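Below is one structure; the comments refer to it alone.
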Amino acid sequence: MSKYLFVNIFCLLFVAQVALAVNSSLPTFANPLDNLAVSIPGLDSQAAKISGPTGSSVINSNWIAVYIIALYRYGLAIIGIIAVVSIAIGGLLWVMSAGNSGSISRAQGYIKDALLGVGLLLGSFLILSTINRDLIIFKSLNLSYTEPEYLILTSAGGSTINLNQYKGGSSFITSDDTYDNLLKQYSDQFNVDCTLVKAHMMAESGGNPNAVSSAGAVGLMQLMPATANALGITDLTNPAQSIMGGAKYIAQLATKACNGSSSNEVCNTSNIRYRIAAYNGGPGANKPSKTCPGLTYWECTANHNYSETRNYVNTVEANYQRLKQLDQGC
């Protein structure tokens, strides 16, 4: 009797595995199961399919179902092996019992426990199948797909412009003329645009001669001590010296802003943006970007270290335009 019960149980196990099959007729898009950290014996990774949206907005994927089924079948195999071993031990004890009732009872215990364990497993399967067959059939997942949206800016004339050329707002509402005389004096001395120097000053310190940045830049023009020393500036909090140093540095950048020269394949100092960028990020900010061909390091948004420089360029340009609009240049 137990022999026939054993055969029936394993027939049911086979049926259960068939019932857990999934649709594998999907066109191949990717195979996530190829790179599992822990492989599962019997896992058919080629059955995992992901079909991309072809005229629809749904991605169909069955790889999770394939993975769960592989785990289930692996569990069935282990349980089956344990059941067979238990029944074999029980049968061996029964044969060797020589009619001893205690040995026979022990042998029957092995066989009954094995059959009971498998019976519980299959019983739960049959109950779920009876209640709702969808509970035992692993279906593919249908995931909504949304096309990515790309931001495209256009000028008033309708031509497309680079996102990196977008200009932010100015750093001030109104400006005063407290340092205009010094700005004019040193701008004339070093032959630079006085309003541009003032735009830098408003972005750097807002007109505060005692401003100190977290990086250690000091004064109206926020010069670093090493830069100030190279420019011959000894007192960074002195408005005259700070403005003189800033104007002198801006003049030098006219020939050195493009990574030490006046131009390279992606930079030309005739464009004010590159001189502004070099003031904040150094001439190296205008090196050709390897990540973004055709752009400088600071223009490439993938270079997160230059996000401050990108903001700075936009701010100084906005300051420059606002000073002119308000007739508060120098």
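Cβ from N, Cα, C; glycine included.
Taken from TrEMBL, the feature signal peptide covers 1-21. What TrEMBL records for 64-94, 114-131 is transmembrane segment. Among the features that TrEMBL reports, domain 'Transglycosylase SLT' is placed at 183-287.
Per-class residue totals from DSSP over the domain 'Transglycosylase SLT' (183-287), listed helix then strand then coil: 57 helix, 9 strand, 39 coil. As a whole-number mean, the pLDDT of the domain 'Transglycosylase SLT' (183-287) in this prediction is 94.
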